[in-house]
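The block underneath contains the structure these notes are about, expressed in structure tokens.
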Amino acid sequence: MTEPTPVRQTKPRTAPPRQVRPRTEGWEQQKDESGRPLLQFASPKRGKPPVHLADLTPEQRVDTVKELGMPGFRAAQLEKHYFTHFTSDPDQMTDLPASSREELVGGMLPTLLTEVRRLETDRGDTIKFLWKLHDGALVESVLMRYPGRITLCVSSQAGCGMNCPFCATGQAGLTRNMSAAEIIEQIIRANRLIADGGLGDPRRVGHEGERVTNIVFMGMGEPLANYARVMQAVRVMTDKKHGIGMSARGITVSTVGLVPAINKLAAEEIPVTFALSLHAPDDELRDELIPVNSRWKVDEALDAARGYFEKTGRRVSIEYALIKDMNDHPWRADLLADKLNARGRGWVHVNPIPLNPTPGSVWTSSDVPVQNEFVRRLNAAGIPTTLRDTRGKEIDGACGQLVATEDDQHAAEDIPVG
Ligand code: SF4
């Protein structure tokens, strides 16, 4: 009798997880002369925007008013008109002498933003503004009404020098840094619109007292590459006596990981919410996805983020755009959880956000079950994780999508500045 030939059990083959990369569709990292990824930290020299009250300290405002030949207390009156009543219109400033109103307003509240275009969702509770600056540069902001809060996503630079391959703004390069007042003016204009009942259902009553409650620096630009002006803007936002008087906690400053600037921010003692746009937990992929990773690696950026928590006691947010087959693998969720847990518990929150889909491209959002699994793994590892709303994507207003189109450029050319 012969032994029956054993049936060979072949292990079912599982295909290795698909890994797409930025270069899959031919994207080439631009390099500088030394062969490192091209990054623009310095703003190209362009004509500076006119100096505005919001660029100055309260003392400087008084001095400037005096230089215009008027008593110093006029500065406080202008502050009230601008920061509380959201107006730069001399006709509405009836407490100022009619003879000097125009001069005072011209010297202290010059026009900084000219509206080029406004896009609204059907219900009108998300609005994207396209603004033209004094030199013709274009920037955008997005206003969003949520239950119990109103968030404005502001731009801090015209363009961006960080060159992230998935980001339309980054591909266009850096035009220039925005001034503190150009950043603030985005909020004042939004507050004006809200006070006029322009956000959401116009029949809604009781909007008079409403205003922007939350700011996210997630429009155009890398905020920490424009550090001094962004910090001046944050001071104006939070100043209760001489500024807008917002809560610092409602202000989120984000970065792709400029480590020295994160350390500086931690030392400021302004308890803003800090967000690190990580997008990959491994240097191999992050080097390609976030070119600034060539200067400061994942671990250095996470150490700085942890340092921010230690200094301020404020829980840090990790932003993670989920990109199909690029960075959404289960092992990356596990690696991210390990790296965060290695730095302690209770200091961080992860916000995955599905990338705005570009159908047929490598830059598309993860499938829903993959998104859910990514979130589940992080939560299971003890990292609080919430999938973020992609509000604004229907009008191309979500983060990483803020770039003026050719159409916008044409529309802007027809609009005189001021
Ligand atoms: S993702 Fe942010 S940092 Fe990167 S290029 Fe775009 S705007 Fe700049």
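One-based numbering along the chain as shown.
Yeah, the Cβs are placed from backbone N, Cα and C, and that goes for glycine too.
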Considering the S-adenosyl-L-methionine binding residues G221, E222, S277, L278, H279, N356 given in TrEMBL, which of S254, S294, S366 is annotated for that site as well?
S254
Starting from each candidate's C-beta and looking 10 angstroms out, tell me which of the recorded positions E140, E222 has the most other C-beta atoms.
E222
Under an 8 Å Cβ to Cβ limit, what residues of the same chain, 6 or more beyond the ends of the compositional bias 'Basic and acidic residues' (22-35), are close to it?
163, 165-166, 288-289, 291, 326, 361-362
Filter the recorded positions E140, C164, S254, N356 down to those with CB closer than 6 A to an atom of ligand 1; keep them in sequence order.
C164
Cα distance, C164 ([4Fe-4S] cluster binding site) to G221 (S-adenosyl-L-methionine binding site), nearest Å?
11
How many Å lie between the Cα of C164 ([4Fe-4S] cluster binding site) and the Cα of E222 (S-adenosyl-L-methionine binding site)?
11
Just counting, how many other CB atoms are there within 10 A of the CB of S254 (S-adenosyl-L-methionine binding site)?
19
